[in-house]
């Protein structure tokens, strides 16, 4: 049985978000709907989830001492990481002292970098993955590329949104790719993964919920990537029954091995009936923002329900839907959005994240749309996103 207190009262149930971006903002809103007290933590002030939290803190979350201090001060009942760049050793210590880390500290630590989760998936669970090697020096990087072969992809073991990633076709690109990877890691320069290129028909995110009433799957989410970050996503992605069954088997193995309750974004490559594991995030996934319009329970609502210990039951998918990012390029600390009225309409919504500034290219919002089919939904979402004019 789940007992929930009332926010700002002595018996309040407190949730602390470690990372307060647009995904954390939606988690905070779902917590608010249940009267939960929300504390948002990030490395910069006025982050999106801070706008809808009861309190907020600005710290370097890779600083274990600072992280322990804010957790000790706030005494949250649930610690909910939204990003990878966190002092996970401290989270494991705190979990050992009785605190509840979502989904669990081990999952957060293993998925903090690509090495932990790749070794779990390929070497412990025996799941199909791309060929790979790890390297922690430029010399070992050259050896890794030689072993994997061209073409290949290099990524920092800890990065997101395509930062530090390069697609390598020839030896002439190696020096530049190594340097770019060293600049793009979340925790600074360091170890990289070199991956062989997988031939696939499409990529999916299989949003997988581990809850008290078992493992549940959302309909597969298809998506298009550009420069290492998603541009559009849609649901459901059409695939064969056999491929879907294999995808669900892989996702089930991964989330049960990681442990804990919550929603996981399991990324997979699909080629015909074959499915290859790519990555997993033990939290809501950016491509899953489409579920804000496509399901009765969004990925954020499912995450909260699961980590609070509530049953999920069934997940209802309404039909073809899509999301398209609003991704302007400018420099401003006073961003405004014009022409939003022309973007919204029947079956079309816009979410603006409220990020405090932009310096270059940054995802500031998302358009959501339904359609008679996925193709129509994608067109409607892209058209809506393009109509929003961002100024600064």
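Including glycine, each Cβ sits where the backbone N, Cα and C put it.
Cβ neighbours within 10 Å of residue 362 (N(1)-(5-phospho-beta-D-ribosyl)glycinamide binding site), excluding its own Cβ and spanning all shown chains: 17. In the three-state DSSP assignment, the secondary structure recorded for residue 362 (N(1)-(5-phospho-beta-D-ribosyl)glycinamide binding site) is coil. Swiss-Prot lists 22, 23, 82, 286, 355, 362, 363 with the feature N(1)-(5-phospho-beta-D-ribosyl)glycinamide binding site, giving sequence analysis as the kind of evidence.
Cβ neighbour count for residue 195 (ATP binding site): 21 (other Cβ atoms within 10 Å of its Cβ, all protein chains included). Per Swiss-Prot, ATP binding site is recorded for 114, 155, 160, 161, 162, 163, 164, 165, 195, 196, 197, 198, 203.
The annotation domain 'ATP-grasp' is assigned in Swiss-Prot to 119-308.
The feature Mg(2+) binding site is assigned by Swiss-Prot to 267, 279. In the three-state DSSP reading, residue 279 (Mg(2+) binding site) counts as strand. Around residue 279 (Mg(2+) binding site), the C-beta neighbours below 8 angstroms that are at least 6 residues distant in the chain are 114, 117, 267.
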Between residue 286 (N(1)-(5-phospho-beta-D-ribosyl)glycinamide binding site) and residue 197 (ATP binding site): CA-CA distance (Å): 23
Residue among the binding-site residues 114, 355, 363 whose Cβ has the most other Cβ atoms within 10 Å: 114
Residue 164 (ATP binding site) versus binding-site residues 22, 23, 82, 286, 362 - nearest by Cα: 362
Most crowded position, judged by CB atoms within 10 A, among 22, 82, 267 as binding-site residues: 82
Rounded to the nearest Å - Cα separation of residue 22 (N(1)-(5-phospho-beta-D-ribosyl)glycinamide binding site) and residue 203 (ATP binding site): 23
Least buried by Cβ count (within 10 Å) of the binding-site residues 23, 164, 197, 286: 197
